[in-house]
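Taken from TrEMBL, the feature domain 'Ammonium transporter AmtB-like' covers 23-425. Residues or ranges marked as transmembrane segment by TrEMBL: 21-42, 54-72, 111-131, 138-163, 175-195, 215-235, 241-262, 269-286, 292-313, 325-351, 371-395.
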Amino acid sequence: MDSNGTDTTTVYASEFSSGDISWVLASTALVWLMIPGVGYFYSGMARSKNALSLIMLSVISIAVVSFQWWLWGYSLTFSKTGGKFIGNLDNAFFRGVLGDPSIGSPKIPDLVFAVYQCMFAAITPALAIGAAAERARILPMIVFIFVWSTLVYDPIACWTWNANGWSFLMGGLDFAGGTPVHISSGAASLAYALILGKRQGHGKEDFRPHNMSNVVLGTAFLWFGWFGFNGGSALAGNLRAAMACVVTNIAASTAGLTWMLLDYRLERKFSAVGFCSGAVVGLVAITPASGFVGPASSVAIGFIGAIVCNFACKLKHLLDYDDALDVFAIHAIGGAVGDILTGIFAESYIAGLDGVTVIPGGWLNRNWVQVGYQIADACAGMSWSFVVTYIILFIMDKIPGLSLRIDPAKELVGLDEAEFGVAAYYHVDKIITVDPKTQEPQVVEQVSDIEKGKISAPSQLNNV
């Protein structure tokens, strides 16, 4: 036996599929890429003085959750002897997580399944903290990511995906994370926005995206990685995985075009923000359905999801809260729409493309009760996430050293400089004249932000 409690004399690999393992490991890398994609998307949507902080927070989420997942997150979610609500600590510290058939598929080992699921756990809080952009302190946010993953993500993922979970046993269908990832992060974002309050200047200043290139780049990373997010959730390189990739692409395309055209009717402009937001909504809405629906249904899911979420973005004005990046409208509402539409469009023959899965389907298969299961799962996930997140943040804000909101003066400077001590951009002002004899431009004076004292010099520049 080794230090992890694993029998080192056992010979592994004979019962596993190398092709399935390869596909799941490749999908792990694809989902990892989505996380900085979230950072770039959020960074472009924010103001320039907060751009770096949002990219860094997405990467920090990977680090914090990877440790939490090894410590006890995986065990609390996927222990094979867990309860209906949450698992146990049998696999804490990855004890016994090596070469036994995984709880997800007997064709891949525990270790492969564990690292793949770690990426889902890591991206979820990275999505949630978008609502706190431009005004939340970094240290409390890091603590929040760890605590929230333990108390919110792990239970919801357990009851959704663990074979012992109550929603799984009830018959709820969630192929790749409509409730554990999107509804939970969206509901948490609403709680974070309400606890923090509004940004300075909210309702008075025009908070426009500062860098559309970052938004498009982040969307591209997300779209690309989502093939591993949804396609990889088949846990095998089979026809069901291929169908999941196909419907993912179609839903994102349909939703992106739909949102862009909805904005065009008002602005008479083809909005890049609208297309990117719509594409993400399509990816969110198809997530729970991706292993259960065909191409035609994915068009409907992308179209309906874009319309509902486009109007849901107005909720922050109606209810007067400051969700800086529309996380609640896109992820919570989009995930709920996807969950419900899964109950309508799920088809048993699509799920059976892997040759193993048998489900009664949704309304298309005349299984009328399925929508009720989906609504129950979505409501439970949203309620648990919102209430527990609000309690976590309320308590943290009362603990010395963990106050959530940054000082007003530092908020004006921006989180990049105030919290990280370095900015995403350095601006240089030049005074240029034209030589009257040669007609060539000449630099008379050149002053950078560092020389003006607006920002401090990064350490690596001190030696130049």
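Placed from the backbone N, Cα and C atoms, the Cβ positions cover glycine too.
Contacts between the transmembrane segment (215-235) and the transmembrane segment (371-395): absent, as fewer than 3 C-beta pairs lie under 8 angstroms at sequence separation of six or more.
The transmembrane segment (269-286) and the transmembrane segment (54-72) are not in contact, since fewer than 3 Cβ pairs between them lie under 8 Å (pairs 6 or more apart in sequence). Same-chain residues lying 6+ beyond the ends of the transmembrane segment (175-195) with a Cβ under 8 Å from its Cβ atoms: 120, 123-125, 127-132, 136, 148, 152-153, 156-157, 160-161, 167, 229-230, 233, 244, 284, 287-292, 321-324, 327-336, 338-339, 342, 377-378, 380-386, 389-390, 393-394, 397, 404. Spatially, the transmembrane segment (138-163) is adjacent to the transmembrane segment (111-131); three or more Cβ-Cβ distances between them are under 8 Å for residues at least 6 apart in sequence.
Residues 173, 175, 243, 246-248, 250-256, 258-259, 262-263, 277-278, 281-282, 284-286, 326, 328-330, 333-334, 337-338, 341-342, 345-347, 350-351, 359, 361-362, 364 of the same chain lie 6 or more positions beyond the ends of the transmembrane segment (292-313) yet place their CB under 8 Å from a CB of it.
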